[in-house]
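Enquirer: Dropping the structure in here first, questions after.
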Amino acid sequence: MTMAKLTESMTNVLEGDSMDQDVESPVAIHQPKLPKQARDDLPRHISRDRTKRKIQRYVRKDGKCNVHHGNVRETYRYLTDIFTTLVDLKWRFNLLIFVMVYTVTWLFFGMIWWLIAYIRGDMDHIEDPSWTPCVTNLNGFVSAFLFSIETETTIGYGYRVITDKCPEGIILLLIQSVLGSIVNAFMVGCMFVKISQPKKRAETLVFSTHAVISMRDGKLCLMFRVGDLRNSHIVEASIRAKLIKSKQTSEGEFIPLNQTDINVGYYTGDDRLFLVSPLIISHEINQQSPFWEISKAQLPKEELEIVVILEGMVEATGMTCQARSSYVTSEILWGYRFTPVLTLEDGFYEVDYNSFHETHETSTPSLSAKELAELANRAELPLSWSVSSKLNQHAELETEEEEKNPEELTERNGDVANLENESKV
């Protein structure tokens, strides 16, 4: 009985909601460790480690935004931009509206043609050869509906023909012809834009499954890989990245999805890509980087998401195309590097996309970039890149002194030689 109460109380603690669950508290709360039997009795759906809970994505791997708009009261705004609304609809609804619009217009004008014939009395003089109807051979609603289709689609079979003794029919013919042209232009244009949308072009723009953090040119860098599967290239391709992470301001305001720019070469022009073969996009982790204070041990505890956006123009159509993807904490590998995919063959370069997502482990410090910089400045970490750079700087200074004062250097060498001779004597 005591064990059951203990299990129930621990379950309530783990399932309890907290208003400040997204705000990091400076006070560490240590939960008592349960006996093994009590831990086994806990429900399996309860996680004992909150750091291992799944992070909710803001942008999915396929590029679709995981956001649903609710309680939208001003729905009339969608009707003010009816063309964009129709283009954004799914194909099944778009085709249904396409068929319904034409069917309704045919039925509407067919009903009007039948009413004109009925009011004029054409239905009562069908077999009277001396009677001049509004539309010849129109003897019911079905024939009026067929005449409406022939008029709007300009088929013109010639069996049903409007006569010159019916001015209201002539006016209706003009109205239906004009409205039919407008409907054709609107619906065909909508279908054309729907078909020519560059969304499917983004399907052949691929991103690596994981992002990696490793050393590159003596600096800690965050890297991911992008590629284009088509032979027709993306013109004016550019890449940018955003960090999505919760934030609490100094005034106490909580921002659940704060967006921070990640520099992937904006100031140097490296963000503009010539995407003929797969490229590795690199972000240098420096003082301006949001990853400046994140180490290997701290990375799994962070709840963050990196959204990458690749934009460019489709070479065939000239329309702007955008591809998106994202990386959560579990998809960022510390101490790994991408496997090369480009090889030189006989007269051409070959890309092996089987190795596009592959990574291999490499030697990488587990400290954060800030800690590495502090240790390098205090000369407590014998980093090869810092030592070599200091030696190079010392050699350059000596070379500059020799070029500026060659006479002083000659006198200095002469004095040294005289001192050596005196010491020998």
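Placed from the backbone N, Cα and C atoms, the Cβ positions cover glycine too.
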Enquirer: Looking at the ranges 118-124, 153-159, 349-355, which is given as intramembrane segment in Swiss-Prot?
Expert: 153-159
Enquirer: What residues in the same chain, six or more past the boundaries of the motif 'Selectivity filter' (154-159), come closer than 8 Å to it by Cβ-Cβ distance?
Expert: 137
Enquirer: Which sequence-distant residues neighbour the topological domain 'Extracellular' (117-140)? Criterion: at least 6 residues beyond either end, Cβ under 8 Å.
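Expert: Contacts of the topological domain 'Extracellular' (117-140) (Cβ under 8 Å, skipping residues fewer than 6 from its ends): 147, 159-163, 165-166, 168-169.
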Enquirer: Suppose you look only at the topological domain 'Extracellular' (160-168); what would the mean pLDDT be?
Expert: 89
Enquirer: By a Cβ-Cβ criterion of under 8 Å, what residues six or more beyond either terminus of the topological domain 'Extracellular' (160-168) are in contact with it?
Expert: 116, 120, 132-138, 143, 146-147, 150
Enquirer: Is it possible to list how many residues within the topological domain 'Extracellular' (160-168) are helical, extended or coil according to DSSP?
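Expert: For the topological domain 'Extracellular' (160-168), the helix, strand and coil counts are 2 helix, 1 strand, 6 coil.
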